[in-house]
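Asks: Annotation comment: Swiss-Prot describes 1-49, 120-324 as region 'Disordered'. As annotated by Swiss-Prot, N-acetylserine applies to S2, with the evidence given as similarity to another entry. The region 'Interaction with ss-DNA' annotation in Swiss-Prot covers 15-71. Here Swiss-Prot flags K26 as SUMO2 cross-link. According to Swiss-Prot, the compositional bias 'Gly residues' annotation covers 30-41. Among the features that Swiss-Prot reports, phosphoserine is placed at S102, S165, S167, S174, S176, S314. According to Swiss-Prot, the feature ubiquitin cross-link maps to K137, an assignment based on similarity to another entry. As annotated by Swiss-Prot, compositional bias 'Low complexity' applies to 155-166, 194-208. The annotation phosphotyrosine is assigned in Swiss-Prot to Y162 on the grounds of similarity to another entry. The compositional bias 'Basic and acidic residues' annotation in Swiss-Prot covers 292-305. If you look up Swiss-Prot, you'll see K301, K304 marked as N6-acetyllysine.
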Amino acid sequence: MSSEAETQQPPAAPPAAPALSAAETKPGTTGSGAGSGGPGGLTSAAPAGGDKKVIATKVLGTVKWFNVRNGYGFINRNDTKEDVFVHQTAIKKNNPRKYLRSVGDGETVEFDVVEGEKGAEAANVTGPGGVPVQGSKYAADRNHYRRYPRRRGPPRNYQQNYQNSESGEKNEGSESAPEGQAQQRRPYRRRRFPPYYMRRPYGRRPQYSNPPVQGEVMEGADNQGAGEQGRPVRQNMYRGYRPRFRRGPPRQRQPREDGNEEDKENQGDETQGQQPPPSRYRRNFNYRRRRPDNPKPQDGKETKAADPPAENSSAPEAEQGGAE
């Protein structure tokens, strides 16, 4: 029995300690000047248990200084004129425009006082009446970071416009005026949001359509090399200006180029049929001139061979004279 009594005595001692601590906290709460704050602090201290003990709640104070970079500072309580340590993690409602949690110097703040390892600390820091804190002027704003959601916004509206347009197409039996308005609104919105995607197809179409037409005109106009000179220049223009579109144009041009080459060959044959006769006559005259010049000093055989055509030429002249 004596051993059981001894074992029961040690657990009886610890409850006395919290009673003393509660007694010590009472003057602190009563000294704060808030009659309702005392019992509120005691009731909140009981559930806190392992957490930090709450000394006072909803205390107003003025920020003495706050370092945004290090993320801590001190608040001077308006009731007891004591300095309370504040960490940036204790700020409950931060300014939504600020990127970091902070408190401005000289700002009036509402907070709860909690016992920390080295003294009183602030917790649940907000503005007076639960309003978000203004924050330090040295803290970075989020204005620069708002541009990204603004850029993402138009595509969402763009999708909504498509949905509205689809719903308008389904309701074709309705009035014609709203359909006309929807049709008028579509191109404007499409042009605003994705201008680059709309410009490229319009820029591509004339490039594919124009060159073959111009090539045909050049073929019909000149039989020389003007058409051939114009084509490689255009290809170089396409290659230099838009290298990605090299594969597209040649596929469309191959059949036309083949047809153009056939036309050129036909034209070349026609020109050859017209041009070679004068060139042959000229060559014959040259050969006739060369042949009589060479044989005189060398052999008489060649002169004999050259004489019969002269005789033959005189014979038709005589025949022409007889006919006259």
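Positions of Cβ are set from backbone N, Cα and C atoms, glycine also.
Mind mapping these onto the model and telling me what they sit next to?
Replies: Note on the region 'Interaction with ss-DNA' (15-71): mean pLDDT across this stretch is 57.
Within 10 Å of the C-beta of S102 (phosphoserine) there are 26 other C-beta atoms, taking all protein chains into account.
Cβ environment of K137 (ubiquitin cross-link): G104 lie under 8 Å away, each six or more residues apart in the same chain.
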